[in-house]
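Per TrEMBL, FAD binding site is recorded for Asn128, Gly129, Leu130, Val131, Val258. According to TrEMBL, the domain 'Glucose-methanol-choline oxidoreductase N-terminal' annotation covers 118-141.
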Amino acid sequence: MKTVVATLLTISVAIATTYYLRVTKPDGFVRSFNQSYDYIIVGGGAAGLVLANRLSEDADVTVLVLEAGKSESDKPIYDVPYNAPKAQMTEADWIYRTVPQKHAQWGMKNNVGIWPQGKGLGGSTLLNGLVYIRGSRHDYDTWAANGCEGWSYDEILPYFLKTEDMRETDGFDEEYHSRGGPIAISDTTKSEIADVYFEAAKEIGFKVHDCNGNDGIQDGFCRVQAIIGEGQRCTAARGFLHPVLGRDNLHVAIESHVTKVVIENKRAVGVEFIQQGRKKHAAAKREVILTAGTVGSAQLLLLSGVGPKDHLTELGIPVVADLPVGSTLRDHMMFFVKADIDKPISYTSAKVFTPLNWLKYYFFGTGLLTSNAAIESQAFVRTDPDSQAKSPDIQLTLFSTLEEHGDSFDHFNYKDEINEALFRSIHGTEVMPEGYSIDVVLIQPKSKGSLRLVSRDPFDYPLLDPNYLSDAEDIKTFIRGIRYAQKMMKTDALKNLGTKFREIDIPGCREKTPDSDEQWECFVRHLATTIYHPASTCKMGALSDPTAVVDPQLRVKGISGLRVADCSVMPNLTSGNTMAPTFMIAEKAADLIRGITGIKRQKLISELSRARKAKSIASYWTNDGRIFFKVTMESAKVFVKSYDDIAPYVPHSEEGGPGQTDSFF
Ligand SMILES: Cc1cc2nc3c(=O)[nH]c(=O)nc-3n(C[C@H](O)[C@H](O)[C@H](O)COP(=O)(O)OP(=O)(O)OC[C@H]3O[C@@H](n4cnc5c(N)ncnc54)[C@H](O)[C@@H]3O)c2cc1C
């Protein structure tokens, strides 16, 4: 009897300890403050926590992070990858809304769409779809060509690598992936249906590869990589903050809503914020860094007198700097096409949310709950055969389920009759149907919108007008994307699963000819929604660029001691989801702030030392005045500014001398 009790006791203690270790997180948040800090970071989201970690590496500087939301440490539910959609519309979501849209969202109540954005430590990494995709070489080379010096693909790739802790070993290419960074990246789960997508992709001629590798040329088909480690979501808080909460020089304050940047004589000297109903102030000795996201950072600049003169004057806000804050809002949109199948191999809530899967998740980090909402594969396509486009314009994301948002109908603000038409036959059934969804995403939208204040009250949500589908080109691209999705569904591989296209039957489009472009346009204008990637409200550009708010060092033009370093600075949307690029922006920002001109230099030094060991450089070539070299033993593509840097390591017998070019690119 004693042995049985002892065994049961030991098992219980083991279970309790495992559970505790997996679901509890450190706490280290301050409610009392110093008078001043070297750096004040506004917003503890994806970007803010990168900066908190990197800037506080230097023990001599003091850093304060102010986050409006709570810590997520008491909400383990955010960590479960399959729960991603359920984290929306909770207290970790600002639940913004768009203004009524003229050209889109016709199927939504008052043409108003809901815009989730994360609130709490981790920001939108608390509730996002976990997809880790960097965008294309062309995105960044275009940024650089348009005046953002230092932001070309070759220059920013090392910052992607710096963030990453790649957990996969299969096909791991060290030129494009690395281990040991703060954010765990794993391949998503691989259901039986995911294998079939690959067959389908090959059938229609997609190149199957790593969309985060391949020299930044995304075109093709790939598994989805996601911010998952040990089966759990690796939020920015888990990756960047928790390991450094013990640093004495880093203070993190939650439930601290920043209401204004204090700017004196064109210099940011501190911030005002409200914590638990009390107004507080913190002074910045060096810089205030805004990382409050695309909505929050722009809103704060406007409240602080930085923005379009007319708009500020209208609201009675004294103008500190006349800049086009909020004038170039952009967002990606998505549209789902769905198919039923007759094999029981897709995800359904009934199959996923079982007691056994919860046990597997909590104790072993395995099972269906570790799937990021059934998002398993993706394709990047240049759909326009006539265009000279250098990168894809459509992303197809394959969800191995028919359920978009768990079992909720409310996420998109669709009218009741639309909800009925779209979801009743999926969620309102006793046996949930099997199938898959192809999410067609417009990754290079031409439509451009705006963000404006509604009042001087910092707690009033701003007017968010993405102006979706106002550019007719966007509709054409969407329809071409839908045709690709149809093409995939018609492959033998997917037909063999019994693929049956799920007809869309919604009021407003019934009179259109079935499957005509006109009918698809009608569907898209009614049903397409945000895919939650608003960006570009504080656009980066050359000092001379009248559309830019920050310069390529991310400094707000005309104001010293103030930077913006989050998703809002993107000059243009990247081709894919925006979290990985935001991590990269913040990694680079940390170095810009610290005066490090780029880890390109560090990488160069280590590559040169490898070359020294290898005794030679195998080959080199030039491109746009830059010199690239390969060492003999390992393939390492690095560029240097001058031939002199590599000359000592180039053997005399080697072909090519100064000035010789090679058409490698
Ligand atoms: C539902 C959803 C799904 C998504 N899915 C994906 C995906 O699968 N893959 C992907 O790559 N990207 C995805 N994204 C986008 C991605 O998460 C964001 O682009 C990224 O997190 C932006 O980082 P950020 O630092 O700019 O802003 P955020 O991460 O949103 O952080 C901003 C932080 O600032 C805080 N803040 C705002 N205002 C104030 C204030 N006045 N005072 C103090 N704090 C403030 C906020 O509370 C928040 O914590 C998704 C986003 C959402 C919302």
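Using N, Cα and C of the backbone, Cβ positions are placed for all residues, glycine too.
Considering only the residues assigned to FAD binding, Asn128, Gly129, Leu130, Val131, Val258, the longest pairwise Cα distance works out to 29 Å. For the domain 'Glucose-methanol-choline oxidoreductase N-terminal' (118-141), residue counts in helix, strand and coil come to 9 helix, 2 strand, 13 coil, using DSSP. Sequence-distant contacts of Leu130 (FAD binding site), defined by Cβ-Cβ distance under 8 angstroms and a gap of at least six in the same chain, are Pro81, Ala84, Thr188, Ala226, Ile227, Ile228, Arg233, Asn372, Ala373, Ile375.
Candidate binding-site residues: Val131, Val258. Fewest other C-beta atoms within 10 angstroms, Val131.
The Cβ of Gly129 (FAD binding site) lies under 8 Å from the Cβ of Ala84, Asn372, Ala373, Ile375, Tyr532, Asn577, each of these being in the same chain and 6 or more residues away along the sequence. Over the domain 'Glucose-methanol-choline oxidoreductase N-terminal' (118-141) the predicted model carries a mean pLDDT of 96. Cβ neighbour count for Asn128 (FAD binding site) (all protein chains, 10 Å cutoff from its Cβ): 26.
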